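A.B. asks: Next up is a structure, given as structure tokens.
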């Protein structure tokens, strides 16, 4: 289970230990779902140690658990779930910032370095950061006052829950908000806001800021797609040398299609997509060339051309099909079909050696 925190510094992805700490993770997920953490400050940052957040008052003294929100002050806290197997060993460990033994509410902390073992046995570890370590580094480098409050506010803007394994408690729906809550502001506030206002800026500056906002939103969506498994990597982009072909005749084979398109350049891959149960063609395919120029030539020459009595359509692929194939086979470093052929040949050689060795042992 994972939660995406959209902060004013960037996005942080937290993986949760739902089986080891069901009470703490249920509390965190439900608070995220009612937008409890939206616009909440990182009110205490101790350089090279921890960053603390989760208090709507921004003082370090406030915050309620989901049980306190639902049932009142008497249910404000919940008990510790300290596990000997879960320690503050790595940078990005997420644990409850409790007010004492068995006094956990909404506040939590994220470690900013490895080996924060002083917290072990004192805090309930319920998650770990899987992406966004550059954001943690930016938070760690923030200029803070003598109380640990960054001079320029750092906020959790939004929280996105991808999957919640826990049932909502009775009365929960009444607390779900359509928009982020408005948090009280101190009239004597001297800290800089996290986002400068747009008023009073020039047209070019405003356009630049809007562009930056769009880029951040695009990156957030990419992170979300990676989390749910639609992207192999957050920085992945559709390959420029890959074409998408549709409206194929069901009788057209991969070999036929590769021969037809090979006159425009070296075909790296040619895959007609088929039903995984029946093996029947789904009438579309992906073809990858060695260069972008070869793909462009094939696009201009082959769009709306008859192949096996079917007029096919050709376009540049926006799919991650080829990237997913390489990712599953070779990991994030990628790979080519030649790599796959070498891996296949190596596997055959190893099998032959294995069988030969077994034969010698039997004799």
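Using the three backbone atoms N, Cα and C, a Cβ is placed for every residue, glycine included.
Under the heading domain 'PPIase cyclophilin-type', TrEMBL lists 6-161. According to TrEMBL, the region 'Disordered' annotation covers 197-216. The feature compositional bias 'Basic and acidic residues' is assigned by TrEMBL to 207-216. As annotated by TrEMBL, domain 'RRM' applies to 241-319.
I would like each feature placed in context: is it buried or exposed, what are its neighbours, and how far apart are things?
C.D. replies: For the domain 'RRM' (241-319), the DSSP-based tally of helix, strand and coil residues reads 22 helix, 30 strand, 27 coil.
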A.B. asks: Restricting attention to the domain 'PPIase cyclophilin-type' (6-161), give the mean pLDDT.
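C.D. replies: In the predicted model, the domain 'PPIase cyclophilin-type' (6-161) has a mean pLDDT of 95.
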